[in-house]
Amino acid sequence: MNEPVLLTPGPLTTADSTREAMLRDWGSWDAAFNALTASVCRDLISIVGGEDSHVCVPLQGSGTFAVEAALGTLVPRDSKVLVPNNGAYCQRIVRMLGYLDRQAVVLKHREDEPADPARIDAALAADPAISHVAQVHCETGTGILNPLPQIAAVVAARGRHLIVDAMSSFGVVPINVRDIPFDALVAASGKCLEGVPGMGFVIVRRAALELAIENCHSLAMDLHDQWAYMQKTGQWRFTPPTHVVAALRQALDLYAQQGGQPARLARYSENCATLVNGMHALGFRTFIDAAVQAPIIVTFHAPADAAYDFPEFYRRVREKGFILYPGKLTSVDTFRVGCIGAIDPEVMRRAVAAIGASLKEMGVILRSAA
Ligand SMILES: *Cc1c(COP(=O)(O)O)cnc(C)c1O
């Protein structure tokens with residue numbers, strides 16, 4: 001296969017068998033497809049141990065659609081949402097709340113600083129009108145891991161509701177409803193489950209979803225309506241992404257065969273360590289402290305050399321078979337490298353070699369390497 005390896009936060013490099021699962025057409029009314037959807041939802045709930053308390057509502061579209069649907073469906077229209085903000089995906093939630101006409105209380109953090117449970121606790125104590133906290137788990141904009149167990153405990157102790165954007169951590173970083181109470185947790189087909197993009201899903205506490213009837217401002221985004229219809233008919237409202245669901249079924253089978261969450265965490269952690277060690281040896285510095293770095297995507301400082309230019313660097317690394325990702329920080333020049341997808345440490349070693357060779361071709365010198 002001569003296609004480049006995607007070292008990005010999604011779409012990702014997928015297994016051959018996952019792509020092959022899409023080589024067939026499914027009727028959306030057909031019982032076989034309904035059974036496929038039901039089995040995928042069952043597996044997704046079981047990843048967080050939510051069988052007794054939670055339901056899974058799939059939604060057509062990319063992950064952002066599902067985050068917006070969760071907020072629009074679950075947050076009462078006259079309510080306030082606390083958003084601990086340490087990066088681009090937190091900021092996206094703030095923008096969504098603006099569109100949805102829900103009040104946001106933004107708790108600003110530095111981008112290299114994990115969300116602080118003590119500050120969240122103080123903000124909830126100070127404002128009883130805040131009903132929900134919207135927390136990004138792994139902030140993919142930088143790769144920082146926010147302390148979800150501690151944040152969930154604070155939110156629960158204050159009697160508020162938690163909505164988690166676990167898009168880039170789901171299936172990798174352990175999350176269990178027993179020790180992390182949440183009303184909703186949002187993820188998608190095309191991230192760490194190693195499916196293809198096109199379907200988001202929300203794992204919702206059943207009691208919270210039942211209360212959210214006719215709250216959503218939008219028909220297409222109404223998770224209660226999607227769930228109620230699916231309960232009644234086994235079908236999706238509106239055309240389902242049939243091939244995406246079939247690929248996710250196969251990706252979930254591989255996930256289980258490979259050892260589930262602990263195995264995926266182990267592989268991604270090894271990918272991440274291989275990448276970071278190799279990049280350190282080349283002279284690169286990481287933006288996020290190792291103690292709070294998630295093994296998902298790593299932000300590196302760009303070389304401080306006039307010969308460096310990201311588009312040119314990108315082109316040369318791509319020529320050698322690897323697709324990098326631009327940085328998402330406004331104040332510092334960076335780029336990102338993903339550790340996720342159907343890739344292993346050997347791929348990461350080759351990627352580091354390609355990066356080193358590209359710098360050499362460009363005549364870029366890293367000061368810390370000298
Ligand atoms: C990928 C991602 C999303 C969704 O982004 P899409 O481009 O809509 O797929 C949301 N939140 C986080 C943290 C993500 O990593």
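Any Cβ shown, glycine's included, is placed from N, Cα and C.
Where the annotation comes from TrEMBL, it is an automatic prediction and has not been curated.
If you look up TrEMBL, you'll see Arg336 marked as substrate binding site. DSSP assigns Arg336 (substrate binding site) to a strand in the three-state reduction.
Annotated domain 'Aminotransferase class V' per TrEMBL: 51-302, in sequence order.
Under the DSSP three-state reduction, Lys191 (N6-(pyridoxal phosphate)lysine) is assigned to coil, being neither helix nor strand. Sequence-distant contacts of Lys191 (N6-(pyridoxal phosphate)lysine), defined by Cβ-Cβ distance under 8 angstroms and a gap of at least six in the same chain, are Pro9, Gly10, Leu12, Gly63, Met167, Ser168, Phe170, Gly171, Ile340. Residues or ranges marked as N6-(pyridoxal phosphate)lysine in TrEMBL: Lys191.
Long-range C-beta contacts of Arg336 (substrate binding site), restricted to its own chain and to partners at least six residues apart, with a cutoff below 8 Å, comprise Thr8, Pro9, Gly143, Ile297, Val298, Thr299, Phe300, Leu324, Tyr325, Pro326, Gly327, Lys328.
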